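Trainee: This structure is in C-alpha cells; I'll ask about it shortly.
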Amino acid sequence: MSTMRLLTLALLFSCSFARAACDPKIVNIGAVLSTRKHEQMFREAVNQANKRHGSWKIQLNATSVTHKPNAIQMALSVCEDLISSQVYAILVSHPPTPNDHFTPTPVSYTAGFYRIPVLGLTTRMSIYSDKSIHLSFLRTVPPYSHQSSVWFEMMRVYSWNHIILLVSDDHEGRAAQKRLETLLEERESKSKKRNYENLDQLSYDHKRGPKAEKVLQFDPGTKNVTALLMEARELEARVIILSASEDDAATVYRAAAMLNMTGSGYVWLVGEREISGNALRYAPDGIIGLQLINGKNESAHISDAVGVVAQAVHELLEKENITDPPRGCVGNTNIWKTGPLFKRVLMSSKYADGVTGRVEFNEDGDRKFANYSIMNLQNRKLVQVGIYNGTHVIPNDRKIIWPGGETEKPRGYQMSTRLKIVTIHQEPFVYVKPTLSDGTCKEEFTVNGDPVKKVICTGPNDTSPGSPRHTVPQCCYGFCIDLLIKLARTMNFTYEVHLVADGKFGTQERVNNSNKKEWNGMMGELLSGQADMIVAPLTINNERAQYIEFSKPFKYQGLTILVKKEIPRSTLDSFMQPFQSTLWLLVGLSVHVVAVMLYLLDRFSPFGRFKVNSEEEEEDALTLSSAMWFSWGVLLNSGIGEGAPRSFSARILGMVWAGFAMIIVASYTANLAAFLVLDRPEERITGINDPRLRNPSDKFIYATVKQSSVDIYFRRQVELSTMYRHMEKHNYESAAEAIQAVRDNKLHAFIWDSAVLEFEASQKCDLVTTGELFFRSGFGIGMRKDSPWKQNVSLSILKSHENGFMEDLDKTWVRYQECDSRSNAPATLTFENMAGVFMLVAGGIVAGIFLIFIEIAYKRHKDARRKQMQLAFAAVNVWRKNLQDRKSGRAEPDPKKKATFRAITSTLASSFKRRRSSKDTQYHPTDITGTLNLSDPSVSTVV
C-alpha cells in the first residue's frame with residue numbers, strides 16, 4: 001500500500017516537471033490597427049504563423065488596439081495596453097484619414113524609447129526613414145521618396161535626358177529630390193569610368209544617365225506657382241517630374257493648364273499622391289503616375305509583417321539568450337537590452353513568401369523591391385499602362401496616351417533656336433578687333449578676294465591679368481566664326497557670341513584651397529549655363545569629355561614646338577667661311593712652298609736657262625719673285641705674262657699645282673654660294689625627346705599656356721613630370737604672350753597646338769616650328785552633356801569635311817603662307833654678303849698705296865747709295881791717276897783737277913760724317929756749298 005502511494009506521488013511529480021519543461025515561451029506581438037476587423041485579421045495571422053512554424057518552444061500571442069483620436073491617448077494606449085504586456089514588436093498601420101500624420105508618430109516615439117521594434121504597415125511618409133528621430137521604425141512599404149527610382153528608370157527607358165524637377169519645399173519634396181539626384185550622380189560616376197580613347201569616331205557615344213536641367217522648389221500651400229512654371233517653360237526640357245501633396249499638385253496643374261504646359265510635347269511624371277483625391281480632379285490627360293501595388297491593402301501587410309516578426313523571433317531565440325521586454329511605462333526608464341539586436345535581425349530578414357511579394361529592408365528599415373503600377377490618365381480615368389517590378393520598368397507603349405492626345409513618345413525637350421556662343425581670341429581661328437565709331441566692323445577681304453565675314457561679339461577689351469576689364473562690343477572673325485555661320489545656316493538657329501571672361505580655355509581648379517574643384521574658362525561658362533555652345537579651337541581630351549559633349553573634330557592637329565629662327569648674319573670674313581682656317585693656312589703655305597720649289601728646280605736644272613741659238617746670251621733662270629707670282633697667278637686663275645718655269649721638272653710641278661688650284665677654286669666657288677645665299681641648318685629642337693627638354697636647365701626656358709589642355713597633358717603624364725615642373729614656373733597666360741616672348745628671346749621654346757604655331761610661323765618669318773607632332777588630337781565644338789544639338793552639329797561637320805568646306809577654311813585662314821612665298825623667291829646676294837670682298841679690295845688698295853711710298857723711299861735711298869759709290873769710285877780713279885802721274889814723273893796736276901778732287905773728297909767726307917750722325921737722314925752728293933754739282937765738267941769727266 002505504501003509502495004503504491006510512493007509510485008503515485010513520483011508519477012505526479014514527474015508529470016508536473018514535464019509539463020513545466022514542455023510549456024512553450026510566450027512571445028507577445030502588439031498592433032495598432034485601423035478597425036476591429038483588422039484586429040481580427042491580425043489574430044488570425046498570428047495563429048497562422050504559429051501553425052506554419054509549428055515550434056513547441058515558441059508561442060506567438062496577439063495583443064492589439066485601434067487608433068485613438070489624438071497623439072496623447074495613443075501614447076497612453078501603447079503603454080497601458082501593449083508595453084505592459086511585454087510585447088516584442090508593435091505593428092502600426094496608417095490612420096484611415098489621409099491628412100492624419102500623427103498616429104504612427106506617438107507609437108514610434110513611445111516604443112522607440114524602450115527600443116521596441118515598430119513595423120509600419122501602410123505608412124509612406126519619408127520622415128520615418130530618419131533613424132535619428134524614429135530609432136526602431138521599420139515598414140513593409142517604401143516611402144514616397146522611393147518613387148524617384150521608378151521615375152529614374154522610366155527616364156532611362158524612354159531616353160529622356162532633359163528633365164525639370166518640380167518639388168515642394170518640405171521634407172517629402174526634399175527627400176524625393178535628394179534620392180533622384182543621388183541616382184543621377186551614381187549613374188554619372190559610372191559613366192566617368194569609360195575610356196574615351198577613340199575620340200575620332202562619331203559613334204563615340206556618351207550614354208549618360210538623365211540629368212535635371214533645373215530644380216524648382218515652391219513653398220507648401222502656395223496658391224500661385226505661375227512664375228515658377230514660366231521659368232520652367234523657358235528651359236529646353238519638356239519632362240516635368242512633380243513631387244507635392246494633393247492640394248499643391250492641384251495648384252500646379254491649374255497653373256500649367258493656363259500656361260499651355262499640358263499639351264503636346266510635354267511629359268508629366270508624378271507619384272501616387274499627385275493622382276489621388278483633389279489632385280486627380282485637375283490632373284491633365286496624358287499624365288503618368290504611380291500606384292504602389294497593395295500599398296493600401298492593410299490586411300496583406302498585416303500578414304507579411306506577422307510573418308517577418310515570427311521568422312525573426314524564431315531566429316533570435318534559437319541563437320541568442322534574450323531578455324524580457326519592459327513591462328509598462330510607469331516608473332520604468334530602462335531600455336530593452338535585446339531591442340537593438342532584435343531590430344537588426346528584423347532588418348536582415350528576407351521573407352520571400354509575402355502576400356505583397358518579397359519582403360526585405362534597406363539600411364533605413366524601408367521596404368525594398370516594391371512593385372508599382374504605372375498609371376496613365378485617359379479621359380479622366382486612370383489606366384494601367386505598365387509595371388515596375390522592383391528593378392525594371394515594363395511599359396505597354398501601345399496603351400499610353402501622352403499629353404495632347406499623342407500616341408508617339410515625346411522626345412522630352414525643345415531645341416532652343418537662340419544659342420549663346422562662347423569663344424576665345426586665338427588667331428587664326430578667332431580674330432578680335434575693335435568696332436568702328438559707328439559700332440560696325442571694318443570691311444576686309446580674304447586672300448581669295450572674298451569679303452571677310454564678321455560678327456559682333458561682346459567681351460573684355462583686355463584679358464591680361466590685373467588689368468581692368470570692360471565688356472564692350474567687338475568684331476570677331478576667322479576660321480571658327482565662318483564655321484559658326486555655316487552651322488547656323490545649316491541647322492536654322494540664331495546666336496549671340498561673347499568672349500570668355502577670364503580668357504582661358506578651361507581647366508579644373510580648387511575652390512578656396514579646398515578639395516572641391518570647379519571648371520574655369522569656356523568650360524566653366526558652358527557647365528554653369530552662361531553659354532550653350534563653345535565654338536573655338538577647344539582641344540578634345542578625356543578630362544573634358546567626362547563633363548561636356550564634343551562634336552566630331554573639325555580640325556585634326558597635335559602639339560609641336562615653336563622656336564625663334566636663327567637668321568644668319570653676314571660678317572666681313574663671310575667669303576672665307578667655305579674653308580676652315582686650317583685649310584686656309586695650308587693653302588697659303590702650299591702657295592709659298594710650291595713657289596720656292598719652282599725657284600729651286602728651275603735654278604738648279606741645267607735647262608733652266610733658255611737661248612734661241614748659240615750666239616745669243618742665255619736668259620736668266622726663274623727668280624724667286626717670279627716663282628711667287630707664277631704660284632699665285634695659277635691659284636687665282638690670273639694670266640701669267642712672264643716668269644714661267646723653263647725646266648721640265650719645274651713645269652711638271654707647275655702642272656700639278658695648276659690641277660690642285662683648279663680643285664681648290666672649284667670647291668671654294670661651290671661652297672661660297674651655299675654660305676652666302678643659303679641658310680645654314682642650325683641646331684634646333686628635335687622634338688619632345690630632345691635632351692634640352694628632357695633635362696631642363698635655366699639656360700634653356702620652355703613653357704606653354706597656364707590651365708590649358710597642353711598644361712593638363714604634361715601634368716597627367718608621369719614620364720613628363722620633370723618637364724612639367726620646369727614649365728610650371730614659366731607658363732604664360734595666353735598663347736599670344738608666349739609667342740611674343742619667343743620673338744623677344746625671353747623664351748627659347750613654346751609648346752602649343754600645331755595648327756596655331758604653324759600659322760604663326762608662316763606669318764612671322766623669324767619663327768619656325770620644329771620636331772614631329774605629338775599628342776595628336778583634334779578641335780571640337782563643346783556642348784553640355786547630351787545636348788540636343790550634338791548629333792546635328794557632328795553630322796553637319798562631317799558633311800562640311802566631305803564637300804570641301806573645311807578644306808576651303810583651311811586654305812583661307814590656316815594655310816596662308818607669307819614666309820614661304822618669300823623663301824621660294826630666287827636668292828640674291830646683297831652687299832652684306834660681299835662686304836668682305838670689297839673690304840679685301842679696299843685693303844689691297846691701302847696696302848698698295850702704303851707700299852708705293854715704301855718703294856719710293858727705298859728707291860731714293862738706293863739711288864743715293866749708288867751715286868755715293870760712283871763718286872767714291874771716281875775719287876779713287878782720280879787719286880790713282882795722280883799717283884801714276886807722280887810715279888811716271890809727269891808735271892803737277894792741273895789746278896782745276898786738283899780743285900775738283902778736293903771737292904769730291906770733301907763732299908764724300910761730309911756725307912759719311914753726316915751719315916754716321918743720323919741713320920734716318922738721306923744725303924746726296926753736294927758741292928762745296930753743300931750741293932754736288934754733277935754738271936761740273938771735271939766731275940762728269942771723272943765719272
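Positions of Cβ are set from backbone N, Cα and C atoms, glycine also.
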Trainee: Quick test of your reading of the annotation: per Swiss-Prot, do G271 and D885 share a side of the membrane?
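Mentor: That fails: Swiss-Prot puts them on different sides.
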Trainee: So Swiss-Prot lists P537, T539, R544, D753 for glycine; which of S590, S708, S709, S800 goes with them?
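Mentor: Answer, per Swiss-Prot (glycine site with P537, T539, R544, D753), from S590, S708, S709, S800: S709.
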Trainee: I'm validating the feature mapping. Which of 140-161, 228-249, 624-645, 756-777 is tagged intramembrane segment in Swiss-Prot?
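Mentor: Of 140-161, 228-249, 624-645, 756-777, Swiss-Prot gives intramembrane segment for 624-645.
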Trainee: Would you mind checking which of C329, C441, C457 shares a disulfide with C79 in Swiss-Prot?
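Mentor: Disulfide pairing in Swiss-Prot: C79 with C329.
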Trainee: Where Swiss-Prot annotates a disulfide for C475, which of C441, C457, C480 is the other cysteine?
Mentor: C441
Trainee: Swiss-Prot annotation N-linked glycosylation site: which of N492, N933 has it?
Mentor: N492
Trainee: Which residues of the same chain, at least 6 past either end of the transmembrane segment (652-668), have a Cβ under 8 Å from a Cβ in it?
Mentor: 578-579, 587, 590, 594, 597-598, 601, 630-631, 634-635, 637, 644-645
Trainee: State which of the following disulfide-bonded residues has the fewest other Cβ atoms within 10 Å around its Cβ: C329, C457, C476, C765.
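Mentor: With the disulfide-bonded residues C329, C457, C476, C765, fewest surrounding Cβ atoms within 10 Å: C765.
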Trainee: In the topological domain 'Cytoplasmic' (646-651), how many residues does DSSP call helix, how many strand, and how many coil?
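Mentor: With helix first, then strand, then coil, the topological domain 'Cytoplasmic' (646-651) has 4 helix, 0 strand, 2 coil.
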Trainee: Return the member of N297, N371, N695, C765 nearest to C441 (disulfide bond) in space, with distance defined Cα to Cα and candidates limited to these recorded positions.
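Mentor: Smallest Cα separation from C441 (disulfide bond) among N297, N371, N695, C765: C765.
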Trainee: Using C-alpha atoms only, work out the spacing between N371 (N-linked glycosylation site) and N389 (N-linked glycosylation site) and round it to an integer in Å.
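Mentor: Between the alpha carbons of N371 (N-linked glycosylation site) and N389 (N-linked glycosylation site) there are 5 Å.
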Trainee: Sort out the sequence-distant neighbours of N792 (N-linked glycosylation site) for me: same chain, 6+ apart, CB within less than 8 Å of its CB, listed by position.
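Mentor: Expected: M491.
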Trainee: In whole Å, how far is C329 (disulfide bond) from S709 (glycine binding site) when you measure between their Cα atoms?
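Mentor: Rounded to the nearest whole number, the Cα-Cα distance is 69 Å.
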Trainee: Quick one: of the binding-site residues P537, R544, D753, which has its CA closest to the CA of N260 (N-linked glycosylation site)?
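Mentor: Going through P537, R544, D753 one by one, the closest to N260 (N-linked glycosylation site) is R544.
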Trainee: Restricting to the same chain and to sequence separations of six or more, state which residues have a Cβ under 8 Å from that of N61 (N-linked glycosylation site).
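Mentor: Non-local contacts for N61 (N-linked glycosylation site): I26, V27, N28, I29, V46.
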Trainee: What's the CA-CA gap between N695 (N-linked glycosylation site) and C819 (disulfide bond) in angstrom, rounded?
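Mentor: About 32 Å separates the two Cα atoms.
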